[in-house]
């Protein structure tokens with residue numbers, strides 16, 4: 001992997017690309033410091049990164065106006081289309097985003113594809129600052145022979161199918177096979193394996209789509225193998241921190257930013273810029289301010305904190321103790337764990353961080369300890385099973401004899417070389433074939449370039465940036481996965497987005513953004529109208545939301561998601 005040299009460009013280097021402050025810039029600075037003008041800010045993307053960025057900007061600047069553009073008709077991104085239907089508690093963050101959208105200084109504009117309906121340059125002309133928070137809407141390809149065979153899907157598309165993402169509504173995976181293979185051992189891999197094996201009656205009261213639920217009722221899948229190229233200790237055993245409700249008092253975010261707004265927000269810390277000793281081991285410095293990560297995102301200043309912000313290459317995909325426990329206890333399902341895969345692990349995990357240690361201990365108990373009588377009986381009666389296959393890397397998707405669909409996966413046996421961050425899996429020369437009728441590739445999401453005017457690193461799949469400032473494009477920022485890569489969970493994105501928001505506000509205060517008024521949405525609305533694009537407002541979304549809830553009530557579901565954009569528009573009278 002290429003080093004992320006651009007992430008370490010000093011702020012002073014960016015400043016050197018700017019002209020010296022003029023009298024008008026000084027005047028602009030004074031105007032904004034006295035809040036005589038309204039900064040017009042645009043956020044592209046309405047997932048967690050977009051809404052958290054908007055939330056921070058609105059909270060910390062009393063006159064800022066934020067417009068959120070979204071290519072889908074409806075908001076909330078991966079919270080709506082990525083979170084598993086049997087994890088409704090994670091979706092509670094939508095309540096926070098809704099409060100943000102209800103602000104009279106915030107507006108949502110759905111069904112607007114930036115880069116197609118309006119260019120980034122046109123947005124930059126209309127706003128004082130633009131933040132790109134559009135996430136990762138593609139997947140990493142396997143790049144092996146047979147990947148194109150029927151029966152091979154990206155986990156991203158499979159998740160979109162059962163969660164009602166319009167572009168995936170016609171996916172129609174064939175679940176008539178006995179065995180499925182999931183390539184990758186991260187949270188998404190666990191999600192798709194769990195959905196495949198969960199008894200359909202346990203999903204009936206979730207917001208899974210009726211089409212997906214019907215297919216799962218007819219599913220013949222009995223065994224799911226979750227395959228990883230490294231060993232049990234390398235499944236990135238970090239604990240997932242579920243997203244808090246927001247920045248309000250008493251939330252996990254209290255004290256996130258210190259010094260940047262002239263006051264301390266961490267209980268027990270004096271005002272002003274405190275020393276790191278006051279903040280504890282999770283404090284670090286970014287953009288001239290002291291920051292404190294929410295619990296679980298880092299155990300000290302250094303690599304873990306850097307990874308949480310995307311400043312260094314990310315760790316391997318993360319399982320969580322909660323999700324692993326769900327898999328082990330999944331009704332009607334038994335785990336297949338080879339004790340040999342865990343030999344010597346007990347001694348090696350003594351020094352790992354506690355959350356990681358808890359998860360490893362859970363795996364060790366499930367693999368090596370004799371279960372209690374009730375658990376033995378439960379497993380004996382289970383009709384379905386799942387297992388972890390370590391030190392295996394996909395080499396080829398094998399076709400059926402007639403070549404019309406997948407029949408298995410050829411796996412290269414691997415071993416680890418190197419130490420620490422340099423550890424990598426290399427082939428031993430041995431291979432094995434794993435028969436299956438369904439392959440789900442879960443090796444990562446990937447961002448795409450949005451507009452030719454925006455720099456993009458195709459190898460890393462991110463917009464080159466320093467603390468959220470897009471390199472060589474003053475006034476353009478990014479947050480979330482397109483900023484740091486598709487790693488972490490909602491809380492990671494929240495922290496990351498707050499950093500970007502704070503950096504933007506610092507630039508605004510310093511007079512580094514365009515002076516004078518900007519038209520904001522008024523200019524963009526005229527452009528869109530001339531192109532036959534009619535945005536969907538947040539009040540429009542609330543009408544669709546009410547329709548979904550109404551449709552779900554009859555079946556005892558929280559909602560029945562609308563899948564067809566044309567139907568959505570008809571319901572809105574378009």
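Cβ from N, Cα, C; glycine included.
Copied over from TrEMBL, here are the features:
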- 40-196: domain 'FAD/NAD(P)-binding' (DOMAIN)
- 49, 70, 78, 114, 481, 488, 489, 490: FAD binding site (BINDING)
- 185, 186, 187, 188, 229, 230, 488: NADP(+) binding site (BINDING)
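In space, 188 is the closest of the binding-site residues 186, 188, 229, 230 to residue 70 (FAD binding site), judged by Cα positions.
When the C-alpha distances from residue 229 (NADP(+) binding site) to the binding-site residues 78, 114, 488 are tabulated, the minimum falls on 488. Every protein chain considered, the tally of other Cβ atoms within 10 Å of the Cβ of residue 78 (FAD binding site) stands at 24. Cβ neighbours within 10 Å of residue 114 (FAD binding site), excluding its own Cβ and spanning all shown chains: 23.
Averaged across the domain 'FAD/NAD(P)-binding' (40-196), pLDDT for the predicted model comes to 97. Compared over the binding-site residues 49, 188, 489, 490, the count of CB atoms lying within 10 A of a residue's CB peaks at 49. Each of the binding-site residues 186, 488 was scored by other CB atoms within 10 A of its CB, and the lowest score goes to 186.
Per-site Cβ counts within 10 Å over the binding-site residues 185, 187 peak at 185. Cβ-based crowding with a 10 Å cutoff singles out 229 as the top-ranked of the binding-site residues 229, 230. Of all residue pairs in 185, 186, 187, 188, 229, 230, 488, the annotated binders of NADP(+), the farthest apart have Cα atoms separated by 20 Å. Note: the CA-CA distance between residue 490 (FAD binding site) and residue 187 (NADP(+) binding site) rounds to 13 Å.
Across the fold, the C-alpha of residue 186 (NADP(+) binding site) and the C-alpha of residue 488 (FAD binding site) stand 11 Å from each other. Take the Cα of residue 114 (FAD binding site) and measure to each of the binding-site residues 185, 187, 188, 230: the nearest one is 188. Of the recorded residues, residue 489 (FAD binding site) and residue 187 (NADP(+) binding site) place their C-alpha atoms 10 Å from one another. Cβ neighbours of residue 481 (FAD binding site) (same chain, under 8 Å, six or more residues apart in sequence): 49, 135, 136, 445, 447, 462, 487, 493.
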